[in-house]
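One structure is given here, and the rest of the page talks about it.
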């Protein structure tokens with residue numbers, strides 16, 4: 001029985017934007033979100049805090065690291081400071097916290113041990129939070145429709161809630177054609193324990209969040225926490241205190257304004273290169289680079305490598321109809337990863353022709369003067385031509401007969 005390969009560290013079909021951008025989008029569609037300003041330097045963060053201090057003397061502040069990763073609150077910094085969301089009492093404290101965040105790495109459950117570099121923070125006025133909830137809208141493929149998931153256990157990881165208290169989760173299936181009904185949202189608000197005017201306020205805000213989900217081709221809108229806060233005028237209102245929104249990359253052609261928000265400087269350079277070449281790539285922590293056509297075959301390849309004692313350095317799906325140039329770029333990406341010590345190419349040619357793959361491999365190996373062990377398994381359309389191209393190339397390529405053979409040879413190549 002195969003052992004499962006390590007869990008991937010990111011999605012390959014989504015665009016993710018920062019919290020401050022997500023909140024602006026929510027406000028655009030009529031939702032209430034905690035406002036704040038972004039600072040790229042500690043000095044700017046102090047200036048923002050001073051401006052708030054002048055408007056609301058004696059107010060407190062929240063400094064939030066702007067990184068494309070969840071779990072900030074429970075994360076820690078490379079230099080030891082705890083938390084990517086910190087409370088400050090004065091503008092000078094805001095400066096000191098921002099100085100510990102900007103230019104440093106934040107490590108969370110989602111970033112792995114390497115962490116992620118922070119180059120900006122969001123400075124907000126602190127608010128009095130009376131209650132916290134979790135709410136998300138996402139696609140449920142099993143149900144074939146969008147689903148609202150909510151719980152009164154806000155501020156926690158939803159996975160933790162689902163494990164410890166599954167009965168605390170509320171799921172509301174939504175009609176794709178009509179969207180959420182008032183009856184559905186009123187019931188949800190009451191299930192969350194809201195009363196009086198807060199029920200309708202919750203309904204209005206969830207409707208706004210669904211507009212973001214629907215109109216912007218979102219794959220996920222996650223608010224954690226969604227809070228009941230007390231305003232300076234002692235009014236109790238619903239407010240999005242944090243926001244994470246992801247978008248379907250296939251919608252880029254009609255969501256140009258949103259996709260212009262993409263922060264490539266915060267992404268793995270390999271991810272950016274793969275995206276530009278229309279390749280599906282996710283970096284992992286192993287040392288065997290993989291290039292495969294088809295997500296299912298890619299997962300099977302990673303599992304088989306793991307079964308034979310190896311560890312995949314990536315998930316890389318070149319798709320079912322890759323051109324020679326894409327094959328070449330895929331190999332360049334693998335070769336650029338300093339952790340990769342061996343490469344396994346596993347291609348099953350249906351629409352894709354094995355001779356095209358072989359030509360791309362040969363061109364890339366010669367161009368890069370690749371000196372890593374390279375194991376190639378080809379099967380399918382024009383496989384004989386493909387194998388002949390590789391055999392006659394004179395290159396040091398290790399042929400494999402099947403997936404198991406390829407995985408064993410890739411793992412063995414690390415020992416030579």
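Including glycine, each Cβ sits where the backbone N, Cα and C put it.
Under DSSP, residue 73 (ATP binding site) is assigned to coil, being neither helix nor strand in the three-state scheme. Residues or ranges marked as ATP binding site by Swiss-Prot on the basis of sequence analysis: 64, 71, 72, 73, 132.
The annotation Mg(2+) binding site is assigned in Swiss-Prot to 224, 242. For residue 224 (Mg(2+) binding site), the count of additional Cβ atoms within 10 Å of its Cβ stands at 23 [all protein chains shown]. According to DSSP, residue 224 (Mg(2+) binding site) sits within a strand segment.
Within the same chain, the residues at least 6 positions away from residue 350 (substrate binding site) whose Cβ sits under 8 Å from its Cβ are 320, 380, 381, listed in sequence order. Under the DSSP three-state reduction, residue 350 (substrate binding site) is assigned to coil, being neither helix nor strand. The substrate binding site annotation in Swiss-Prot covers 293, 350, 351, 352 and rests on sequence analysis.
A sphere of 10 angstroms centred on the C-beta of residue 60 (site 'Important for substrate specificity') encloses 19 other C-beta atoms. For 60 (among others), the entry in Swiss-Prot reads site 'Important for substrate specificity'.
Under the heading site 'Important for substrate specificity', Swiss-Prot lists 128 (among others), citing a curator's inference as support. Counting only residues at least six positions away in the same chain, the Cβ atoms of 229, 230 sit under 8 Å from the Cβ of residue 128 (site 'Important for substrate specificity').
The annotation transit peptide is assigned in Swiss-Prot to 1-14.
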Of 351, 352, the binding-site residues given in the record, which has the fewest other CB atoms within 10 A of its CB? 351
Residues near residue 64 (ATP binding site) by Cβ (under 8 Å) yet at least 6 apart in sequence within the same chain, in sequence order, are 19, 36, 72, 84, 85, 86, 121, 122, 123, 124
Given the ATP binding site residues 64, 71, 72, 73, 132 in the record, what is the largest Cα to Cα distance, rounded to whole Å? 18
Which of 72, 73, 132 (the binding-site residues) has the most other Cβ atoms within 10 Å? 72
